[in-house]
Structures are given as structure tokens and as C-alpha cells.
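Peer 1: Let me give you the structure first, and then I'll get to my questions.
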Amino acid sequence: MSSANLSIKENGAMVVFGASGDLSKKKTFPALFSLFSEGRLPKDIRIVGYARSKIEHEDFLDRITQNIKIDEEDSQAKEKLEEFKKRCSYYRGSYDKPEDFEGLNSHLCEREGDRSTHNRIFYLALPPDVFVSVATNLKKKCVPEKGIARLVIEKPFGVDLKSAQELQSQLAPLFDEKEIYRIDHYLGKEMVQNLVHLRFCNPVISHLWDKNSISSVQITFKEPIGTEGRGGYFDSSTIVRDIVQNHLVQILTLLTMETPTTFSADDLRDEKVKVLRRTRLGDLKDIVLGQYVKSKDGKKPGYLDDETVPKGSRCPTYSAIPCFIDTERWRGVPFLLKAGKAMDIGKVEIRVQFKAAANGLFKDAYHNELVIRVQPDEAIYFKMNIKQPGLSEAPLLTDLDLTYSRRFKNMKLHEAYEALFLDAFAGDQSRFARIDELECAWSLVDPLLKYMEEEKPVPEPYEYGSDGPECLYSFLKKFGYIYDSPDYYDYPVMSVPSDH
């Protein structure tokens, strides 16, 4: 039975592969509980955690609920949590033995009970090297004869264009493209979802959204922690694979795509693919690659101090990458993708700087900027000039500030995984990457990955807890960004998140 565009409203089950991992306890199960408590999941939902670790049932329940926060005085919330735990179970198995998947299918059937159809979502929070063996065994042993089957796959999908294509060639005979949901959790974040509405619901913004009005665009990811024991994994991934190729490129496409015919999943992704195919890197020698060293006070170690990192590694933990889009709308506008670990603060934001007024009447006016803060403290603010209050005629820089926590005090903003899991049950693929979209993203960064592998450039050092390499200022200046915020200007208040 085809699963295209069909919503799973009953007879639903979800298998969480990698259920013993940190992502499972920190994000996956809290998101599923939130949806369950709001009645957004199928009313008869069954959730099975699957991993290789030996975990007793009660220990598993304790593990998956330790990050779920409820009001202990709220009896209804406590009842919901207990009911949720009854819907969850654990099954231990390997990722390559058919008999373990046969056992999983029996476990699912037992949990599901007497159903006329079996609608199953298989969520793979696993290393890419086991995707194919898991998908193969699922197809043979666990895909129902009557019902819907969907494969939800966590990033990374490959490590470059070639590996992504090889992986897809092995998955394609097993699951149709309409059954594969490739997750980039940034597409579930509130402010990333909001980009489409911001651009296409507001004519005042739409009319300014091109090379005639915009001088530069920055997409910035800053994380305040380093690799902290994950250096072995990160060293093979690099900041380019870990953050730029997926999160930042996805944001770039939503910022720059043309108006889709409709907001159906394929129409939306068609436009993203079109703009990606016209996107290219700037000169490789203009790219800033950095690696953090110990903090100024010596309390935080450098990247090479991590025992899991290979000695002498030149893996970049920071990158600033210029991109250009060869379309009539965007030709000549630099898009600067900046990402780094062990930074001064944690934030993800989009900064659109507009060109100076052409009339020349106010030579001391400041540049307008539209800033979209993805996290923390979701916000949109527009930096603008007004007359300085009082008798002066001098321009004063201020902003129109839409900070969500102040404007929408009684409205819950759902976590990214909540939105994405809900879409997976609904059969909506618009916030999941299609294979040609992923291929374009890898094609974009592949020249940089090849340059890093072959030339092994020495990364610029920057202190743990700093704003990045010292050459960053000259990089931004070269690509037209103008620092002109006066000392008196106070940026909207922001807190620092612990993760991304």
C-alpha cells in the first residue's frame, strides 16, 4: 500500500532505532510525549525502542522519561505520563541479523494487538553505515502487508556526494522516495519554518528581497561548547559536514528560493533544488577555516587537547564560507555561512544587511538590517534609523523588535522534533530533504571537502570562548558587510542554549 500523503490516524506504531543513545532520551521521547499528551499521535499508538544494549524494561522507561518535565502537582499530566509509559517498550537486537528483526516484528504484532492494518514508522537515529542493513531487514521482516510503512532517517546521509548517491542506490530498491523522510531537525525549528511566511506573506519584504536592496546575508551558527570527548567523531565530520552542509544550506535555500507554485512538499522542494543548482562557493582561498585552542584563562582545553582527537589534526572547528547564487534575483550578493564550536555565545541567526539609501541626504545614517534569530529566544528585529529624540536632527539607530517570548507569552513553541514527527505521521514531506536536494547540497560543499583533504590547510587558531578567528572581521569587510552599529545600540536580549 502506498504511503504517499496518507495520514496515520489510527493503528499506528513507531520504532525508535538507537533508543539507547543520548538523542533518544534528550529529544526523541520528550518530543513524542509532548505530542502524545496533546492528543496529536494516533490514539492507539505503540512505541518500541530498539538498540543493541541490554536494558531492562523499567530501566528503559526511566531512561526515556528522565528529560520529560511535568508539573508534579498536575494529576492529569502525571496520568498522561503513566499512560505514555504503557505505550512504550524496548526490544534488544542487532542491526544486521534477520532473526532479530523477525523477533521485532513479533514484538510489534503483540504490542499492536488485533488490527486490520498496521501503520509503522521506522525512525533510524543510527550511523549511516548500518542504514542499508537495517532498511533491508525491515523490508523483509517488518514492513506490513496491509498498511503504511515510512523510513525516517537522521543525518548524516553520506559524507560526500558519492557516498550519498551510493547509499541512495541501495535504499531505492527497498523504499520508495515517498516513503523516505530524511531529517534535518533545523527544518522543524519555529523560525526556520517562519521564513516562508515572512517572505511570501509580506509584500513589503518580498519587494526588497533581491540584489537591488540587499548588500549581504550572513547565516551564523555559534555553539558555546567544544567537542568535549566527541573529537574522534567530529574529526572525520568537520564543521562543514556537521553543520554547514545540512543546517545552514537548508536555511539558505528557504531564504533564496523563488515562490513555489503551491506549498505542497514537491513544489516547495522543487524550488529549493532550483536555487541550489545555481549556488556556488566563492574562491576557496577566501574561506576562513579555524580551530579552537585553549581559553584565555586556560580553563577550557583546545581541540587538540581532546584525547579522542588525532595528534596534529587540522580539522576545522570553525568555517566562514562565501556563497553566490547565479540568478537574476541574487547575482552578486554574498551569502556568508559561518559556523563554529567553542564560541563566546550560543546562537543561530540570519542577518540581512540592506544597501545604504541612495538619496545621500543622511550621510551619517546606519544600515538597515533584518535579523532573524532562530535560537535562543526566537525573534525577528529590524534595525532602523529614526530622528534622535529632542532638538538634534542626527539619525539614531534603534529597532522594531518582535521577540516571541514577550509577544506570545501564553503560546507554546513546539520543539523541532515535535513538528517533524507530526509531519511524518501526517505524510507531509515538505520539511524533509528529498534526494536531489541532498545531492545538490553535497555538490556545493564537495569542492571544499576535497580542498581540505588534499591541501590540508592549517586552520586559524581562535581561543575557546572567543568570537572566532581574528581574520573574521577582514573576511566580512571583504564581502561587503559594514560594521556601523554605534556603542549606544543595545541588541535585543538573548540567553545562551546548552545545545543545538
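Positions of Cβ are set from backbone N, Cα and C atoms, glycine also.
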Peer 1: Same D-glucose 6-phosphate site as Lys155, His185, Tyr186, Leu187, Gly188, Lys189, Glu223, Asp242, Lys341 according to Swiss-Prot: which of Gln170, Gln375, Gln388?
Peer 2: Gln375
Peer 1: Might you list, by sequence position, any residue in that chain lying six or more from Arg52 (NADP(+) 1 binding site) with a Cβ less than 8 Å away from its Cβ?
Peer 2: Ser20, Arg92, Gly93, Ser94, Tyr95
Peer 1: Count the Cβ atoms, other than its own, that fall within 10 Å of the Cβ of Gly18 (NADP(+) 1 binding site), considering every protein chain shown.
Peer 2: 22
Peer 1: Count the other Cβ atoms sitting within 10 Å of the Cβ of Asp22 (NADP(+) 1 binding site), across every protein chain shown.
Peer 2: 12
Peer 1: Quick check: in three-state DSSP terms, what is Ser24 (NADP(+) 1 binding site)?
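Peer 2: Looking at the DSSP assignment, Ser24 (NADP(+) 1 binding site) belongs to a helix.
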Peer 1: Could you give the Cα-Cα distance between Tyr381 (NADP(+) 2 binding site) and Tyr186 (D-glucose 6-phosphate binding site), in whole Å?
Peer 2: 20
Peer 1: Expressed to the nearest Å, what is the distance separating Arg351 (NADP(+) 2 binding site) and Glu223 (D-glucose 6-phosphate binding site) at their Cα atoms?
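Peer 2: Cα of Arg351 (NADP(+) 2 binding site) to Cα of Glu223 (D-glucose 6-phosphate binding site) measures 17 Å after rounding.
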